[in-house]
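Quick notes on the structure that follows.
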Amino acid sequence: MHLVVDIGNTDIVCGFYTETEWKVILRTPTHQPWSAIRMEHWIQKELTDKGFPEVKVESILISSVVPSVLTQIQKGLEHWVNYPVKVMGPKLYATLPIEVISPDEIGADLVANSVYAHTNYRSDVLIVDFGTALTFTLVDAQGKMKGVSIAPGLKTAVKSLFSETAQLPEVPLEMPNSALGHDTVSAIQSGILWGYVGMVKEMISRVKEERGPGVKVIATGGLSSILTPLEAYFDEVNKLITLEGLRIVAQQ
Ligand SMILES: Nc1ncnc2c1ncn2[C@@H]1O[C@H](COP(=O)(O)OP(=O)(O)O)[C@@H](O)[C@H]1O
Ligand SMILES: CC(C)(COP(=O)(O)O)[C@@H](O)C(=O)NCCC(=O)O
Ligand SMILES: [K+]
């Protein structure tokens, strides 16, 4: 088997795959007191629990947007498999089938998303990633990353309102039926969820105005199925896009 790891600002996701399919996907919170040994023990225990006690992992590629966590995760994995692990970064970007925008600043997850989009569509594609941040990335037909937009993610917006106010609670991310709320919880749900529906529609429409109506729009990230009124706007909704992109990079 082979392994790709996506270290995001909320979760670390580990995808184990063979030539033909994903075998097992593991998820754990990013913010833990990570040490190399904690990582090695966690992955061994999870694999055993999921019915893969003695896997042979032939290659590992990591994408990280959390530098403070990367070192211990990488060390733990390298100790586990006993060979160097690859990490997404500017040196690797130079070998990709896409042209990476601002290689020293760009998030590695956005690069992986772009590799997936270009490999599968070969047209203008807008990737909407509903993670800790809500990101929009445009890749053109030649595989050039043309631009990125970054906003607070849905859960980040909810948490920020809760932590910056005295009287507003943290609310579940559920689409309200009506435009305006009738109590505090539904009022916050209205503001954030309908507000974000509007934000995503506005971004899609602006990008299509600039690039033409043929732009494909694909959605990923843990929160990509919350804004149900957007379903018709997406050509694909797939929570595995970042892992799929990493797998393409690892296999090249
Ligand atoms: N398969 C899933 N089903 C339901 N919720 C999920 C799933 N995966 C992730 N989430 C939730 O979606 C949120 C964003 O996750 P993710 O896209 O992995 O963010 P990041 O990449 O920033 O770490 C998290 O709060 C997580 O708990
Ligand atoms: C934009 C992000 C915070 C998204 O991270 P995520 O929501 O997946 O945890 C991450 O890709 C990042 O830190 N990017 C660096 C800045 C940039 O891409 O321009
Ligand atoms: K992500």
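Start at 1 and count along the chain as shown; that gives each residue its number.
From the backbone N, Cα and C atoms, a Cβ is placed for every residue, glycine too.
Just so it is clear, the model here is predicted, and its values are computed rather than measured.
As recorded in TrEMBL, the features of this protein are as follows:
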ACT_SITE  D109  active site, proton acceptor
BINDING   D6, I7, G8, N9, T10, D11, I12, V13, T132  ATP binding site
BINDING   G107, A108, D109, L110, T184  substrate binding site
BINDING   D129  K(+) binding site
Around the Cβ of G8 (ATP binding site), the count of other Cβ atoms that are within 10 Å: 22
ATP binding residues D6, I7, G8, N9, T10, D11, I12, V13, T132: largest Cα-Cα distance, in Å and rounded to whole number: 14
Length of the line joining the Cα atoms of G107 (substrate binding site) and D6 (ATP binding site), in Å: 11
Rounded Cα-Cα span from D129 (K(+) binding site) to I12 (ATP binding site), Å: 15
Candidates D109, L110, D129, namely the recorded positions, that fall within 10 Å of G8 (ATP binding site) by Cα distance: D109
Entries of D6, G8, I12, G107, L110 (binding-site residues) sitting next to ligand 2, with Cβ under 6 Å as the cut-off: G8, G107, L110
Listed binding-site residues among D6, T10, D129, T132 whose Cα sits within 10 Å of A108 (substrate binding site): D6
Distance-selected binding-site residues near ligand 1 (C-beta under 6 Å), from G8, T10, I12, T132: G8, T10, T132
Beyond the site residues D6, I7, G8, N9, T10, D11, I12, V13, T132: chain residues whose C-beta lies within 8 Å of the centroid, for ATP: T30, V65, V66, G131
